[in-house]
Amino acid sequence: MGMTFVEFLHYFVNGVLKLYSPPVVFLYILIVALSPLWNRLFPPLQLRKALVVYNFACSLISLYSVVFIVAALARNWPRSLFDVQEDALVKHAFLVYYITKYVELLDTLFMVFRHRQRQISVLHVYHHASILMLSEYAYTYGNWPAISVPLGLNGIIHVFMYFYYGQCALHPGQRPAWKKSLTQLQLIQFMIGLCHMIVGYLHHGWCYYGIVYELTMITLFSNFYYRAYLQERATAKKLE
């Protein structure tokens with residue numbers, strides 16, 4: 001009998017591509033470090049059409065993984081919130097999620113090619129590099145419904161985030177007005193994730209690493225939110 005699509009996808013990733021995140025993360029950081037050299041040697045590229053396709057595709061792929069994650073959580077709700085038993089549906093959802101983290105590294109390449117150096121922040125690089133390695137760990141060692149909670153929240157945010165950037169690329173002069181709300185949702189996502197990790201640590205014997213990671217993301221996103229929205233408003237008031 002032939003393989004199903006799901007079986008083929010697992011075989012292709014593990015048996016053909018043999019994906020492994022540490023060397024990819026090393027190469028990613030090296031590209032970021034060398035990006036100023038690219039800016040000096042090459043002119044910025046105009047990639048609007050590619051960005052439209054890329055961002056809407058990422059939004060749809062994120063939605064696909066979220067559907068499977070929600071389905072896995074719903075089967076044994078609310079026990080699934082802290083369930084650490086392996087689950088085939090979760091494993092497939094995590095595989096799709098894991099693949100998308102490789103694809104999303106193109107965010108940074110597009111910034112490099114377009115000379116958007118200011119957008120390649122510590123937050124941007126840390127988030128992309130860390131979530132790739134964490135998603136690999138989740139797919140390889142921890143395909144449990146409990147881990148679906150933070151990954152599912154992140155997937156939901158990415159559905160809206162890539163849709164937003166798709167809209168920006170499609171209509172360059174008409175940016176949607178809900179960018180600030182999107183950043184607020186990202187902060188809420190990590191706060192919910194932090195609460196989930198704390199409960200898991202206190203009542204279900206989880207390790208504290210998840211708490212530390214959520215705190216780093218809250219710190220970095222809070223700093224971004226302050227600099228992008230609150231500091232700008234405070235400066236404008238001083239100039240009045």
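Here the Cβ of each residue, glycine as well, is placed from N, Cα and C on the backbone.
Residues or ranges marked as transmembrane segment by TrEMBL: 20-39, 51-74, 94-113, 120-139, 145-165, 185-202, 208-226.
With a cut-off of 8 Å on Cβ pairs spaced 6 or more residues apart, the transmembrane segment (51-74) and the transmembrane segment (120-139) reach fewer than 3 such pairs and are scored as not touching.
Only sequence-distant pairs (6 or more apart) were considered; of these, at least three Cβ pairs between the transmembrane segment (120-139) and the transmembrane segment (208-226) are under 8 A, so the stretches are in contact. Same-chain residues lying 6 or more positions outside the transmembrane segment (94-113) and placing a CB less than 8 Å from one of its CB atoms are 9-10, 13, 19, 24, 28, 31-32, 35, 38-39, 44-45, 47, 50-51, 54, 58, 61-62, 64-65, 68-69, 119-120, 124-125, 128, 131-132, 135-136, 138-139, 143, 147, 151, 155, 158. Note on the transmembrane segment (145-165): residues 51, 55-56, 58-59, 62-63, 65-66, 69-70, 72-73, 75-76, 80-85, 87, 90, 93-94, 97, 100, 104, 131, 135, 138, 176, 178-179, 182, 185-186, 189, 192-193, 196-197, 200, 204, 210, 214 of its chain, located 6 or more positions outside it, place their CB under 8 angstroms from a CB of the stretch.
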